[in-house]
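Pulled from TrEMBL:
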type	residues	note
DOMAIN	11-374	domain 'Glycoside hydrolase family 42 N-terminal'
BINDING	R108, N146, W306	substrate binding site
ACT_SITE	E147	active site, proton donor
ACT_SITE	E298	active site, nucleophile
DOMAIN	389-605	domain 'Beta-galactosidase trimerisation'
Amino acid sequence: MPATPLYHGVCYYPELWPAGDLERDIAEMQRLGINLVRMGEFAWSVIEPNEGEISLEYFKGVLDRLHAAGIAVVWCTPTPTPPIWLTHGHPERCFTDAAGVVMSHGSRQHASFENPDVRAACHRIVEACGAELGRHPAIVGWQIDNEFKCHVAEDFNPHAIAAWHGWLAERYGSIDELNAAWGTDVWSETYQRFDQVPAPVSTPFLHHASLSTAWRMFARERVAAFMDEQAAILRRHTEQPITHNFGVGFAVNLERMSTGLDFVSFDDYPSAANWSDGVFDHDLFRAAKPNRAHWVMETSVAHNGWFGAHETSHPKGFLAAEAVVSFALGARTMCYWLWRQQRGGCEMPHSAVMSAWFKPSIGHAEVQAVESARRALEPLLANSCPAPAEVALTWSDRGRVMLDVEPLGADRERHAVDYLATLKAWHRRLCDAGLPRDVRFEGAALDGLKVLFTPAMACVDEVFLDRVEAWVRAGGTWVCGPLTGTRTAEHNVPTDAGLGARLERLAGVEMVYAWPLTGSGTKGIVDSAREIPLAGWGMALRPSSEATRVRGVLRSDSPAEGLAWWTERDWGAGRIVMLTAEPEGDVGGKWLHEFVRSCAAEAGVASWGQPSPGTLIAPQCDANGESWWIAINCDGQGGTVVVPDGLTDAITGEAVAAGTLTVGRYAWRALKR
Ligand code: GAL
């Protein structure tokens, strides 16, 4: 990872304020150590107040001033908020939802980039930004649009539906192929031509799974293509790197979109109670582009807020801990939304560095604390990067779509199944076990890993299995499940074997039954007598190879009595572990904690410092290959780490006594040999 400055930034909207406020803003930014602003994403109506009248002169002036003040700029393409003239009187240019409701001007993300007029206007404004600002010395990066699909998901605009038909034709070649692949003869859904295939609009009951999954994958491809087009325009004008500010919960294909960007950034608003949400994002987006630092493009200084909703404001000390976690986990920028509280719009309750009346806000002192931490860390991190993880969790965009379409294992009353929540729960277990980790895309290389956990990925395709099999053969431990492998790439049930013949052969199991365990009181037995409550979409396995070891069986009162829910087998130099039910409750949680730790320990994963839960260790590796560590208390309870002999505090240079080291509430320590 190349040495980069640590940026401390704000999202800035000078166009919303009197021109005379600029100097005052810059002076206060300089006092606080703000060295980056992100701007432009909602400024289309200022740049092009009437169709074709484009001028970036005002912003050039702002950029000149920021540059002179030593503040770098990320310029955004303003496509999420087209001006009134583009859509007024043109409902056909607007986003349409599944119920046929056409969005209106008055908020954001209301225009349909599927409409050719909207698309052309977007291209024109992006072209103008690139041509006018592409070589401006203040600009160190470009952001395309803003949080694609944060408010809306799939677009049912007629142009989108026409594109859907083209996409299907391209993908399946003939309608017979589509019918066969999906199995459309269920309920006489068989199609005669591609243009008959509906987008999943209202029907009396549910749509076909294959169609629903394909539609969502198509829609994600469309937004990625729109982003790529903008990037291609910008690349003609600028050498600076291009990003997009993802949100992990939005309706996009993160893996696909990351390929089109030079670096990835994300927006996250973790609250003190959900501190590990931010950690999850870092572990995912750091791994998305292994050789390029990721950025935090938006977070709040104290609390999030819009009409009718605001989060609990951060406790004192939380923001600095969030920033240190970000830098320690590989981010090179910590940027707040927003600089000055909105005086209008619908986000007036949102925290900002400065109030609308330009006084320090409730978060202002916290921003100063972040700046002190940034200054202390910058020299240490200049030539270091996070040590490569040995444990990872698989992120599958398709798996997520499939679970949205078919929430296997969900019970409307007792047990919600949500892909993101499931992955975050697994991720939190890795954190609590003190294991440095990545969240790696389904298509990512497995280099350097010793253990890979792949839960909730309904489809395990051949490409993924090829990679996993080779890696296991070379020594990796793959933990497959719960739920993983139960559907095909076309979102059907496998028919050659319950989990597909290849996965079953690799794992040395035969899947006998699959059924929902939630609410059934099912118990698994491990270590001869220990009972573990099980939930979710369960599978009962029978070993099909002598090499398969059954580690957990179903209790005698289960209809699948004696069959396995936890198996393992050696494969080459590695191991495949099947976990086919979800341990639940306190007992299940405790067992999972032990399970995660033993998988890592048996695979020889290095863990350092035995951090108490709620305290994180972020191992670093410097340019000479030397390891050092940052310990941060994230839960505000204070915690401990166990340190060996011979360490010094990397900030003060003082020796650190071997043994248990206390890390105070939201405090952090940098430790070197
Ligand atoms: C983000 C968005 C910002 C602002 C912020 C408030 O989703 O990109 O423009 O709305 O949330 O938390």
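Quick reminder: no glycine exception, Cβ is built from N, Cα and C everywhere.
No curator has checked TrEMBL annotations; they are predicted automatically.
Sequence features, as recorded in TrEMBL, placed on the structure.
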residue : record                    : Cβ within 10 Å
R108    : substrate binding site    : 17
N146    : substrate binding site    : 25
E147    : active site, proton donor : 22
E298    : active site, nucleophile  : 23
W306    : substrate binding site    : 13
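In this structure, R108 (substrate binding site) belongs to neither helix nor strand by DSSP; it is coil.
W306 (substrate binding site) falls within a strand segment according to DSSP. Take the mean position of the Cβ atoms of R108, N146, W306, the recorded substrate site; other residues of that chain with a Cβ within 8 Å of it are F42, P80, T81, S107, Q109, E147, C150, H151, E347.
With respect to ligand 1, the recorded positions R108, N146, E147, W306 contribute N146, E147 as residues with a C-beta closer than 6 angstroms to one of its atoms, given in sequence order.
A distance of 10 Å separates the Cα atom of E147 (active site, proton donor) from that of E298 (active site, nucleophile). Largest Cα to Cα distance within the recorded substrate binders R108, N146, W306: about 17 Å as a whole number.
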